[in-house]
Each structure stands twice: as structure tokens, then as C-alpha cells.
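Participant: The domain 'Cation/H+ exchanger transmembrane' annotation in TrEMBL covers 61-440. What TrEMBL lists as domain 'Cation/H(+) antiporter central' is 497-629. Per TrEMBL, domain 'Cation/H(+) antiporter C-terminal' is recorded for 636-802. Sequence annotations record features per position, and here TrEMBL assigns region 'Disordered' to 804-824. Summarising the annotation, TrEMBL assigns transmembrane segment to 49-68, 80-98, 118-135, 147-169, 181-201, 213-236, 242-260, 281-314, 358-383, 390-410, 422-444.
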Amino acid sequence: MVNSPFLNQTKTTQLQGRKPGESFHCYQITILIGEHTGIWQEVNPVSHALPTFITQLIIITSLTRLLLLLTKPLRQPRIVAEILAGALLGPSVMGRLKQHSPFLDAVFSIPSFMTLETMGNIGLIYFLFLIGLEMDMTTINRVGKKPLAIASAGTIFPFLIGVASYYLLLPNLRDDFQLGSIVWGTSLTITSLQVTAQILAELKLLSTDIGKTTMSAALVNTITSWVLVTIMMAIGSDWHKAPWALLSTFGFVLLCVFVIRPITIWTIRRTQKGGSYSEETICIILTAVLGCGLATDLLGTSSMVGAFVFGIVIPNGLLGPRFLEVLKGFVEDLLMPIFFTVSGMRTNLEAVAGGCSWHHVAGVVVLACLGKVVSTVVVSLVYRMRITDGVALGVLMNTKGILALMALNVGRDSGMLEDKAFTVMFISIMVMTMATQPLLSILYKPKMQFLPNKHRAIQRLKPDAELRILACIHEPHSVPAIIRLLEASNPSRRYPIAVFALHLIQLTGHTTALLIVHAPTKSASSDQESTNSNNQIHEAFERFEKEHSGVSVQPLTAVSPYGTMHEDICSVAEDKRVTLIILPYHKRQTIHNKMEEVNHAYKDVNNNVLANSPCSVGILVDRGFTGGDDGGARHIATLFIGGADDREALCYARKMAAGNPNVTLTVVRFVQRTRGVVELKLSDLIDDEEEEIHKKKMTESRADESFISEFRVRTMGDKSIVYLEKAVSNGAETIEILRAMGQGGGYDLFVVGRGTGKSSSLVTVGIDEWSECRELGTIGDLLVTAEFSSTVSVLVVQQYGGGRGGGGGDGVITTNKPPSSPQL
């Protein structure tokens with residue numbers, strides 16, 4: 001029989017304190033892990049600390065994961081679900097449920113709060129270490145005047161609003177809580193860099209002007225907020241000794257920068273075993289985090305400050321991504337929900353209702369929300385920004401996170417805040433963070449600001465215009481082929497090329513990883529390790545820039561889920577006014593000359609980019625495109641059947657060969673042997689749709705003839721360019737010609753158009769049915785099969801068609817204007 005006291009709560013005694021409203025709870029702490037207890041014995045296991053904590057942890061993590069699933073469709077940041085979980089486990093909800101549930105009353109008893117609070121603070125220490133670790137303090141030197149002004153106004157004005165609203169809500173305060181106004185003011189000045197980055201990434205605004213301005217202002221605000229929080233901690237600890245606490249903490253920061261930093265770097269590199277990290281390395285890092293936290297706690301501020309500072313002084317990239325990923329998962333998914341639960345257990349709506357009306361509380365919440373919005377709008381108007389953009393910036397700057405909750409908890413622990421003040425500000429933080437994403441979706445819609453750009457296709461560029469290319473990279477192994485393609489693109493001072501190297505990283509769900517999104521980086525500092533793929537990719541492109549005149553490179557990094565990664569690519573392309581996007585094929589060649597799939601998600605990304613790109617797109621199938629390394633010539637072939645995509649492909653190939661002694665170009669045009677024999681009259685077409693299709697085909701045919709005629713005239717006398725025509729009557733003859741070119745032509749690269757509309761031509765009849773990869777088009781898919789060649793790389797080009805939604809992939813011009821003169 002189950003013992004009767006199994007669900008009995010630990011006995012506690014409540015004593016009234018000396019001050020009004022102050023009370024103490026006396027109870028016995030029991031921690032038993034070695035004695036065998038259970039439901040069959042006359043001992044209550046839930047009264048012991050360890051089984052109670054395990055039960056609490058299961059409930060907390062389960063509730064948090066459930067709320068994450070529920071808030072995900074609402075596109076809310078992760079912290080919203082975590083704050084809601086904490087609020088639900090607080091006295092306002094859980095407190096009422098405990099009255100009807102002996103189990104919850106026993107598990108979430110007052111004696112168990114100490115263990116929860118301790119574990120939550122340990123999780124917070126390591127979380128702040130991770131935040132500091134991924135902050136690049138060198139970027140503060142590149143912050144412009146506008147973000148600096150926004151951050152300054154967003155610090156001063158909200159602080160004053162917080163102080164004023166504190167006394168407005170709580171006019172009759174005892175002297176003990178007068179310093180609570182500092183806590184309110186500090187909490188309202190804080191902008192969460194991590195949560196802001198997550199919201200911008202979710203809405204695909206990171207690479208836009210408002211995204212860049214917000215991130216720069218949030219970075220400045222984060223640094224300022226940490227200074228204010230540190231001062232607040234020192235004041236809360238002891239007002240009279242606060243200057244000494246601040247001076248000693250500042251001395252500790254200098255010690256970390258000039259002593260602990262080099263020692264840590266030397267120790268990690270000495271204990272590192274190849275590309276992995278030894279147990280000694282991991283132990284040193286984890287222990288040092290706690291040691292630095294203990295140091296600042298003893299100095300009179302908080303252990304959180306020391307952990308954050310230690311994370312900042314460690315060079316970004318020194319610790320391996322695998323180690324950080326494991327630590328993030330443990331801290332964010334297991335320990336941090338405990339911290340939010342502790343914060344939620346301190347909120348008490350009954351304490352608010354008992355001291356003032358809810359109208360006053362709502363007024364304070366609205367006033368708190370308007371502080372940053374008003375100040376940001378004023379600064380935005382000074383810099384001649386649109387008022388809607390200013391409001392959107394202000395809403396983003398209102399985003400709160402861990403630091404704001406930490407400031408509230410410190411104020412509560414140090415006696416600066418009472419329950420009512422803590423709860424009201426907790427509600428304000430939750431409302432501001434929850435409202436950010438919905439309001440931003442209404443206020444700021446970047447798709448409505450799609451600006452016209454005449455440089456969206458290579459065909460429309462002037463011969464000497466700068467070619468702007470967005471090179472997308474998933475993994476380092478695709479970098480050499482893309483760089484070789486860029487080298488073959490004939491960069492020079494006469495024909496400049498701007499390259500935006502975008503490293504695409506899958507979003508794993510950890511918000512701290514978003515700090516590297518969209519930020520352009522320069523060469524790694526001398527004390528940084530270049531072992532991770534991000535640094536390898538960026539350094540390869542930077543070497544390419546140094547070795548070639550007329551080339552400018554801007555490395556970028558974007559972190560997104562694969563399902564929305566194409567939105568980042570298209571957003572960057574639009575923002576940078578790119579002419580051509582280069583995407584790696586989702587398969588790579590093995591040593592047995594067969595194509596194996598790297599990641600099927602890459603294929604989905606490519607298809608989505610083709611459907612939504614704001615410019616022309618090229619998919620590169622690498623089969624060892626390394627010609628020209630020793631100064632030898634690259635032999636490029638362009639296959640022309642007809643359509644906008646083929647014209648774009650030929651324009652790009654012509655640009656490679658223009659004045660380039662290392663490139664020879666062979667243009668093979670496929671023509672129908674029966675062309676001109678059968679002429680279809682419009683009067684023979686009964687269906688209006690068929691008549692419209694015929695008109696478009698005739699328009700395309702005339703455009704092709706005009707394009708080829710002009711191409712031949714302009715390249716006449718250029719010995720590096722060979723023009724051939726192959727007459728075929730069916731797809732089988734086309735296949736035979738392609739097979740001969742692939743196996744014995746000596747080509748390094750095929751440049752072809754994607755144009756799926758070619759299936760209506762006799763040149764490709766019967767081929768389209770066997771196509772497996774639609775993103776490569778009929779001819780491109782044929783060329784990547786081992787039957788045709790195992791050594792020739794293929795670039796499949798789709799021309800931008802004049803509007804969002806996929807360009808000229810169908811081989812038909814989608815604009816009403818006739819095609820402009822080709823860039824030849």
C-alpha cells in the first residue's frame with residue numbers, strides 16, 4: 001500500500017518581520033540521495049530536495065516546450081514562451097492550482113524555492129557567458145552617428161520615464177524602496193540584442209537598412225545597459241560602498257583583458273588536441289566562468305557581471321562550434337527555463353490589485369512602452385527618416401530579454417523593489433516583447449518597398465558597368481569552384497566585380513547564434529583561430545580580393561531555417577542591388593565520378609530562390625572546375641537554343657571572354673532543320689490562349705534572331721570566340737551532339753540557360769520527360785549526368801524576368817517592352 005504522507009507538504013512556519021509586509025518562512029532543509037525512499041516506505045520523497053527538484057525540472061521543461069510549440073505559429077521569439085511559462089508557474093496561476101492539487105502543493109513548496117533559485121542563477125551565469133562570447137566588441141568602432149543617436153536617446157529618455165512612472169504608481173513609498181526607481185529606469189533602457197536579432201531574422205529584415213540600424217543601436221544600448229545594471233547592483237548592495245565596488249569591478253575588467261585573456265588563450269591552445277578539445281580545456285573554461293562570477297560577486301556587484309566579461313574577453317572562434325553547441329543546448333533548454341520560473345514565481349497579481357487600480361497599472365505599462373518609441377521617432381525625424389520607419393525602430397528597441405529580467409531580480413533580491421513594483425515591471429517587459437513582432441509586421445513591410453533596379457540582369461548592363469554578384473556558400477568545399485568562376489568572370493579595373501560572399505548557416509533554435517547574422521566581417525585578428533568554416537570561407541574570398549584588381553569583396557553571414565533561407569538570400573540581393581546570384585548545386589561529385597547528394601534542403605533553397613529572386617540566378621554544378629590555376633586557358637562552351645535564359649547565359653559567357661587571354665568561348669546554337677518549312681498562321685488558331693502562346697513564341701524568336709545577329713557582329717574578328725550552328729530535327733540528335741561535346745570537346749565549363757520552355761521546340765523534344773532536376777532545366781539536367789561528361793562543370797543561368805516570381809525561367813519575356821540590346 002502506498003504510504004499516506006507521500007504528498008504531504010514540508011511543514012513550514014511563517015513569522016512576521018519587523019517591517020510592515022515583511023515575513024519569514026522557517027523550514028527544515030533535507031537533501032537525501034543515498035537513502036532508498038519511495039512511495040512504498042513511510043518517508044515522503046517529495047520532502048527531500050533532490051527528488052523535488054527533478055520533478056520541478058520535468059514540469060518546467062515540459063511546460064516551456066509546450067508553450068514554444070503554441071507560440072511558434074504566432075512568430076513570437078523564444079523568450080516569450082519562457083516568460084509565459086514562468087508566469088504560469090507563479091502564484092497568480094500555480095498558486096491557485098496548488099489549493100486544489102496536493103501534488104503541486106507538495107512539489108512547488110516554499111522550501112524548494114532555494115534550490116530552484118540557485119540552479120536558475122547557475123544557468124544564467126553560463127548563458128551570459130555565451131552571450132559575451134558571441135559579441136564582437138570591435139564592431140562598436142563601425143557604428144554610425146544615427147544608430148549612436150538612437151541608442152543614446154533610447155537610454156536617457158526611457159530611464160527618466162521609468163523613474164517618473166515608478167513614483168506615479170507608488171507615491172507613498174517607505175524609504176526602503178526609494179531606490180526602486182533606479183531599477184525601473186534601468187529596466188526600461190535595456191534593449192535585448194539577442195531577441196531583436198531573432199525577431200529581425202524571423203521577419204527577414206536583418207539585411208535591410210532598418211535591420212542594420214537597429215542592430216547597431218542595440219549593440220550600443222547593450223553595452224550602456226550593462227554599465228547601468230552594474231551600477232545598480234553596486235548601489236543595491238550597499239549605497240555607501242558602491243564607489244569601491246564599481247572601482248574594484250572596473251579593475252577586474254582590466255585584469256580580464258590584460259591578464260586572464262592571454263592566459264586563457266595560451267592554456268586552451270596548449271591543451272587543445274588537434275581540432276578537438278581535451279577534457280582539461282572544457283574543465284578550465286567551465287570553471288573559469290564560475291571563478292570570474294565569484295570574483296565580481298565578492299567585489300560587490302554580481303556574479304553575472306564576471307561571467308559576461310569573461311565571455312567578452314575570449315576571442316570569438318577560439319572555442320570550437322561543437323563545444324558551444326552542446327553547452328548552449330544544455331544551458332538554454334534545461335537551465336534557463338528554471339530562471340524564468342523563478343522570475344515568474346515572484347510575480348503576484350494580487351499584490352498589484354491590492355494596492356492600486358488596474359487603470360493605473362495599464363497607464364504605467366503604456367507609458368513604459370512609449371518611452372523608446374517616442375525618443376526613437378524624434379531622432380529618426382532629425383535624420384529625415386520616414387515616421388513609420390521611426391516607429392518601427394522604436395518598437396524594435398523596446399524588445400526586452402534576459403538582462404531586463406536579471407535587473408528586476410537583482411532589484412528584488414537587494415530589497416530595492418517590493419512585490420507590486422516587481423510585478424508591474426514584469427508585466428511591462430512581457431507586453432513590450434510580445435507586441436514587438438505583431439506591431440512590426442503591421443508597421444514595416446519591406447516587400448512594399450521593392451525598388452526598381454535596371455541592373456537585375458546581365459543582358460541589361462552596360463559593358464563596363466560593375467557586375468555585382470552574390471555568391472552563396474553552405475559548406476567550405478564549394479568555395480574553390482565559386483572562386484574559380486569569379487576569376488573566369490574577367491575581373492579588372494575596366495570590368496569591376498563586386499562580390500558579396502554570403503555564408504548560409506542553418507538556424508538551430510539557439511538565439512545566441514543570431515549575433516553573427518548579416519554582419520560583414522574583416523580579416524580575423526591575429527589571436528583568432530580560423531578553424532571554423534565561417535572563417536575559412538571569409539578568408540578565402542578576402543585572399544581572392546587581394547590577388548585580383550577590380551574586385552571588391554564583402555563577406556556576410558546569415559543564419560536561417562532552411563525553409564526561409566531563400567528570403568535571406570533574396571533580401572540581401574535586393575539590398576545590395578545584385579545582378580547575379582550564384583548558388584551551389586545540392587550534389588557533389590565523388591571520386592568515382594558519380595554525383596551524391598550533400599543535403600536535400602539545399603535543393604529546396606535553390607528552387608525557392610529561383611522562384612523569388614529579384615535578379616538573375618546561376619546554379620553551379622562543380623565537377624572539378626579548376627582550370628587556369630597555372631595560367632592555362634579555360635575553355636567555356638555556351639549552348640544556345642533560344643529564350644531569355646539562353647540570352648542571359650550567353651551574355652555572361654561573353655563577359656568572361658571579353659579581352660581575357662585565359663578564356664576561349666565556343667558558342668553552339670541549335671537550330672531546327674525544319675525551321676521555316678511549316679508556317680502557322682494566326683487565323684488557324686481557334687483558341688485565344690493558343691494564339692497568345694504563338695504570339696509570345698514569335699516575339700521570342702525575333703528577339704533571339706536580333707540578339708544572335710548583334711552578338712556575331714560585335715564578336716567578329718575575336719579569335720577567342722567561336723560561333724557554330726548545329727541543325728537538328730529532334731531531341732535524339734541534340735543528345736548526340738551534347739555527348740560528343742562532353743566527352744571529347746576539352747571544355748572546362750558549360751554555360752547554359754535554364755529555360756524550361758524549350759520543351760516545345762523540336763530541338764529538345766522527348767528530352768524533358770527524362771529530366772530529374774527541374775531547377776537545372778532540360779539541357780542542364782542532361783549535362784550533369786555521367787553519360788555525357790564527368791569532368792565538365794555546368795553553370796545553369798536563369799534571367800530575371802522583370803518582376804518577382806522567378807524571372808525568365810519559362811523562356812518568355814514577362815515585360816511588355818521589347819528586350820533591350822544585349823550586354824556584349
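Cβ atoms are placed via backbone N, Cα and C, with glycine included.
TrEMBL labels come from automatic prediction, so no person has curated them.
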Participant: Counting CB pairs under 8 Å, which listed stretch among 147-169, 213-236, 281-314, 390-410 touches the transmembrane segment (118-135) the most?
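Facilitator: Comparing 147-169, 213-236, 281-314, 390-410 against the transmembrane segment (118-135), the winner is 281-314.
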Participant: Could you tell me what the rest of the chain brings near the transmembrane segment (281-314), counting residues at least six beyond its ends with Cβ under 8 Å?
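Facilitator: For the transmembrane segment (281-314), the list is 121, 124-126, 128-135, 137, 226, 229-230, 233-234, 237-238, 241-242, 244-246, 248-249, 252-253, 256-257, 260-261, 264-265, 267-268, 271-272, 323, 406, 410.
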Participant: Considering pairs 6 or more residues apart, do the transmembrane segment (242-260) and the transmembrane segment (213-236) have at least three CB pairs under 8 Å?
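Facilitator: Output yes: the transmembrane segment (242-260) sits against the transmembrane segment (213-236).
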Participant: Could you give the residue numbers and ranges of same-chain residues that sit at least 6 residues beyond the transmembrane segment (390-410) on either side and whose C-beta is under 8 angstroms from one of its C-beta atoms?
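Facilitator: Contacts of the transmembrane segment (390-410) (Cβ under 8 Å, skipping residues fewer than 6 from its ends): 77, 79, 83, 124, 127-128, 131, 150, 154, 183, 186-187, 190-196, 199-200, 210, 213-214, 217-218, 221-222, 225-226, 229, 232-233, 236, 302, 304, 336, 339-340, 342-343, 346, 369, 372-377, 379-381, 417, 422, 425-426, 429, 432-433, 435-436, 439-440, 443-444.
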Participant: Where else in the chain does the transmembrane segment (147-169) make close Cβ contacts, counting only residues six or more beyond its ends and a cut-off under 8 Å?
Facilitator: 180-182, 184-189, 191, 213, 216-218, 220-221, 224-225, 228, 356, 360-361, 363-364, 367-368, 370-372, 374-376, 378-380, 382-383, 393-394, 397, 421, 424
